Structure formats: structure tokens, C-alpha cells
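S.K.: I'd like to ask some things about the structure below.
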Amino acid sequence: MQILSTNLIILSFFTIFCFRFLHADSPPLSIDYYKSSCPNAEAIVRKEMECAVLSDLRNAALILRLHFHDCFVQGCDGSVLLDDTFTLQGEKNAPTNLNALKGFEIIDRIKNKLESECPNTVSCADVLTYAARDATVLVGGPYWDVPAGRKDSKTASFSLVESNIPDANDGLLSIIAKFMYQSLSVTDMVALSGAHTIGMARCTNYRDRIYGDYQTTATMGNIAESHLKTLKATCPAAGGGDDNEAAMDYVTPNLFDNSYYHILLRGEGLLNSDQELYSSILGVETRKLVKRYAEDVIAFFEQFSESMVKLGNITNPETYVDGEVRKNCRFVNT
């Protein structure tokens, strides 16, 4: 029987989820949004990000992950930055986010600088979006213009974290569905997954992979054998060490390049969800994209930039009715 193409699978998911696509309309964002109200906004963000990344290159990945987790829950509205209070349950302690999200203090520092320069003007959602772009550039990745004008939400969603954020052990169809729910295409999905060329994963997220089909998908040469041995030493099969970390791109872990895709071609993706892009029998389209980005870093950079703009354009419509510009990104204004 002929294998269904990924395009047909996508069509079926579109039929299921299209009524939920609230993000498709162009949001009221613009490149020069702060030109008059806070002309130095982007420069302030960039300077603080330079300090953060120079102090620790891993900070770049932390900010990119924060931005992604923000946008996939209620849209890019800064909800991921909210702390729990007596009247609000935030997203930070949802199982998917707990111990996985860091870098909040970097956003706090940027926001404090902006409040000194332009009080009550630049939203936390825009701060995080600018910071994600600058984080990428500072470790060798592409630059893109960031449309701004997002408002901060007064709410968060603990439950949507678990349903919306792709899981490290998700199969390809589940990953596609979660991206399509956000009006992001398969091309966007494969390009945005390339952000895993920097950053770390926790043992709890890759244990199943390294004790599962890793040796089946990987071309087990000396380097792969040695790397797998190291992974198993820090992530025991029997449990323990859940928060021990390993680089998702063990070749150039702090450089934003296309090494991640070369790792997938060798079958050595650290997360099941990553390797699915290349090894799944349903990955007809995704496999082609992985090969393309492995062969052409410029094509990857161009698509990543375009897809990051699309990601940043996932807005929360409610924030344009009842949103705000938070003074402190951790708390709703009082």
C-alpha cells in the first residue's frame, strides 16, 4: 500500500483544526512601532542581550526557548513570564515548563532598562520577541526585522502548556498538528526546529531516545558510539539525573548553524521529536527539508528568519481589547 504523503496528512489536520485558527489574520504590528514613543528600544534590548550572551553563550538558547513557549500558549503575549500569585496561576510550573525554562532574569534586566528610558511603553511580549532575534544573531544566526506592537496579557494558561507545546517524544503527526494549530506550516516546523542547533535538553526528555531506537537510526561509527556512551553515563536508564543536560547539537552547541540537520541525517538526533523529522516513514516532505537545510545554510537562515516572523505574529486577540504594557514582566499591573 502506498504511504500517504505528508501533504494529505496535513490536509486532514487542517480540516480538524481550521475552526480554531484564530491567529491567521494579520496582527496590528509594525516594524517602526516604537519609532516615536521609544526610539532606542531595540538598541537597549540588543545591548543587554550582548551582555547576557557574552557572559554565557547558553543564554541565547534560553531566550529563544522562552519566546517559543510564550507564542505557543495564548500567542506571543508575555504570559510565560508571569509568576504565580494568589489570583493567577502562571505557566512556569506546568510540567513541560518546570525546570526547563530559564532566562527570566535577563528579560527582567531589559525591562528595567526600558522602563527607565520609556516608562509604560514597551510591552514584555515585544521585549521577548526582540531578545529572541538578538540572541540568534549573537551566536552566528540570521538577522530579521521584528514587527512590534504586542500587548501583554493579564492571563496565563497552565493547561494549554501541556496541550500546545510539542513534547520531546511526540511523533511526527502530533508535531505537525501542534504547529498547524498555530497556523505554522511543515516548512516552518522544520526550519524552527533548527533552533535546536543551540541549547541543551534534559535527561528526562531524551532518556527514551537513547535507550530506545537511537542505535537503530544512527550510523554507529566511533564518534556516535562514544557520544552515546557519554549520554548514557549522565542519564541512567533506571532513573535519576533527570535534570542532567546534554547539547542537542553536540558538534557546535553554541553556534547557530545547520549542524543540527547534519546530525539528523546521521540519525543522531537527541530527541525523538527531532529525529522524527528525518526518520519517520511519514516524513516525506520533512525529510526533503532536512536534507535541503543540511546542504544549504543560506536557505536555512532565510527560512528560519521568515518563520520566526510568523511565529512572532501569533498574537493573542484578547490583549488588544484587555491587554496592557506591564511595568514588571512577572506581574499584571495593579
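Numbers run from 1 along the shown chain.
Just so it is clear, glycine is given a Cβ too, placed from its N, Cα and C backbone atoms.
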S.K.: With the disulphide bonds as TrEMBL has them, who is the partner of Cys38, out of Cys71, Cys76, Cys118, Cys124?
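M.R.: Recorded disulfide partner of Cys38 in TrEMBL: Cys118.
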S.K.: Looking at TrEMBL, which one of Cys71, Cys76, Cys124 makes a disulfide with Cys329?
M.R.: Cys124
S.K.: What are the sequence-distant neighbours of His196 (heme b binding site), meaning same chain, six or more residues apart, C-beta distance under 8 angstroms?
M.R.: Met248, Asp249, Tyr260, Leu271, Asp274
S.K.: Quick check on the binding-site residues: of Thr197, Thr252, whose CB has the lowest count of neighbouring CB atoms inside 10 Å?
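M.R.: With the binding-site residues Thr197, Thr252, fewest surrounding Cβ atoms within 10 Å: Thr252.
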S.K.: Identify which of the binding-site residues Gly75, Pro166 has its Cβ surrounded by the largest number of other Cβ atoms within 10 Å, counting every protein chain shown.
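M.R.: When each Cβ's neighbours within 10 Å are tallied, Gly75 tops the list.
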S.K.: Other residues with Cβ within 8 Å of the Cβ centroid of Thr197, Asp249, Thr252, Asp257 at the Ca(2+) 2 site?
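M.R.: Checked against the 8 Å cutoff, the neighbours are Ile198, Val251, Pro253, Leu255, Phe256, Asn258, Ser259, Tyr260.
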S.K.: Just jot down the residues in the same chain as Cys71 (disulfide bond), at least 6 apart in sequence, with C-beta under 8 A of its C-beta; none if empty.
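M.R.: Sequence-distant Cβ neighbours: Gln182, Leu311, Gly312, Ile314.
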S.K.: Just to verify a number: CA distance, Cys203 (disulfide bond) to Cys118 (disulfide bond), in angstrom, no decimals.
M.R.: 42
